[in-house]
């Protein structure tokens with residue numbers, strides 16, 4: 001329940017711009033969020049493995 005409240009709080013426009021912070025749009029995780037995709041590293045990895053993010057593939061060299 002607390003996580004849902006924090007997600008809703010993060011969606012609101014803050015009074016001061018410095019108070020804004022990124023959260024994962026899928027799970028609400030506040031840390032390790034990739035700004036370009038607006039999702040956390042864990043969700044990014046899962047979606048990349050499923051092939052749901054175009055242009056992303058596992059690196060190998």
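Heads up, the Cβ atoms here are built off N, Cα and C, so glycines get one too.
Some features that Swiss-Prot has for this protein:
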type	residues	note
BINDING	24, 27, 40, 43	Zn(2+) binding site
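Highlighted in sequence order, 25, 26, 28, 29, 33, 39, 41, 42, 44 have their Cβ within 8 Å of the centre of the Cβ atoms of 24, 27, 40, 43, the residues recorded for Zn(2+), and are not part of that set. Each of the binding-site residues 24, 27, 43 was scored by how many other Cβ atoms lie within 10 Å of its Cβ, and the smallest score goes to 27. Of all Cβ atoms in the protein chains displayed, 22 besides its own lie within 10 Å of the Cβ of residue 40 (Zn(2+) binding site).
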